Amino acid sequence: MAFWRSKKNDSDEPSPTPADSSGAAAPDQASSDSDAQAAGGLFGKMKSGLQKTRRVLGTDIRDLFKAEGRLVDEEFLGELYARLIRTDMGAGPAGRIRDRVAKDYRGRVVQLEEVVQTITEDIREQLKQDQGDLAKADSPPTVILVVGVNGSGKTTSIGKLSHHLASQGHKLVLGAGDTFRAAAVEQLTIWAGRIGCEIVTGASGADPASVAYQTTEKAIEIGADYAIIDTAGRLQTQGKLMQELEKIRRVIDKKLPGAPHEVLLVLDATAGQNAISQAKGFSSAAGCTGIILSKLDGSAKGGVVLPIREQFQLPVKFVGLGEGMEDMTAFDPDTFASALLEA
Ligand SMILES: Nc1nc2c(ncn2[C@@H]2O[C@H](COP(=O)(O)OP(=O)(O)O)[C@@H](O)[C@H]2O)c(=O)[nH]1
Ligand SMILES: [Mg+2]
């Protein structure tokens, strides 16, 4: 998938996380991950980021089994379903997994590993998606707009994405479009300083659309590869917010026809099923093209990615796995499903 994968060869170790205070770096990934998944750093990172969800799902499912295996009957299927539901994957996806296990094994005594493999495969299939890569304009700059409710992780995700793009040698401009909160402008300015890239800010309370316009203009002027624009997550009403996002998109397109090339919706994984209602509010009005699922590391509800994929015609492009600069990876269904269930 996207560029993160290209790093897999040079990192068997978890990447250093300079700004990370969460202590979430994978401590014990070295031994068991290495064989089937040569993804190395990425797989380890995903696995440790999913620790909380893994603890719920993996432990729960393992608890269903005794050493001699378990008969797959209605009781077992009911218990399995209840445990899947606890990861916030929702009734649809959990029901499909249960039905698949029923179809494959009903009336048989099975071992844990067989069932885990079936569940992993099913999750993988449910998550299959096209267009997981970050969009790229035919000619630079690629303009990326980042939307989502307050606190979902927009600014932090922009920081992480920018850090990655900059470390690949790309030239960037950030746009501090959340002009309603002075702290938001400061926060993005700190990221720009860390990364060493340009930032366009407006005065406090300035028109966010004009900041977006100027950011696009700046990117063209200095020959940047990417312009990444932050937005406010809350106005007086949801309708006003959507109108504003619409206006931001319009002025960007006016400056650079066809832009923004990507509108990324940031959803907070710790919100579990509530992330779905957030997505409903944004996805159509804001013209979203992809999702960043943030804070997977802090969530035991990582299963929520299944209903997100099920209900929105939007690919999950990145997942946030911590607060540090390096704590984001491209989303890859295979890696995700394996990391979720592998012991
Ligand atoms: N653990 C963890 N924290 C995150 C992640 N992404 C963002 N945060 C934290 O969530 C809080 C809100 O993030 P922020 O980027 O300011 O959200 P915004 O209001 O949408 O811009 C901050 O304390 C971030 O450090 C993540 O992937 N993992
Ligand atoms: Mg912000």
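Placed from the backbone N, Cα and C atoms, the Cβ positions cover glycine too.
Taken from TrEMBL, the feature GTP binding site applies to 148-155, 230-234, 294-297. Here TrEMBL flags 18-40 as compositional bias 'Low complexity'. Look at TrEMBL and you will find 315-328 tagged as domain 'SRP54-type proteins GTP-binding'. Look at TrEMBL and you will find 1-43 tagged as region 'Disordered'.
This view paints the features noted in TrEMBL onto the structure.
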residue	record	DSSP (3 states)
G148	GTP binding site	coil
K154	GTP binding site	helix
T231	GTP binding site	coil
L296	GTP binding site	helix
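Highest Cβ count within 10 Å among the binding-site residues K154, R234: K154. Sequence-distant neighbours of L296 (GTP binding site) (same chain, 6+ apart, CB under 8 A from its CB) are G49, L50, T53, A269, G302, V319, G320, L321.
Per-residue pLDDT, averaged across the domain 'SRP54-type proteins GTP-binding' (315-328), gives 94.
With a CB cut-off of under 6 A applied against ligand 1, the binding-site residues G151, K154, T231, R234 are reduced to G151, K154. With a cut-off of 8 Å between CB atoms and residues at least 6 apart in sequence, the same chain places K154, G233, L265, V266, L267, D268, Q278, F282 near G148 (GTP binding site), listed in sequence order.
Filtering G151, K154, L296 by Cβ distance to ligand 2 (under 6 A) retains the following binding-site residues: K154. Neighbours of G151 (GTP binding site), defined as other CB atoms within 10 A of its CB across all chains, total 14.
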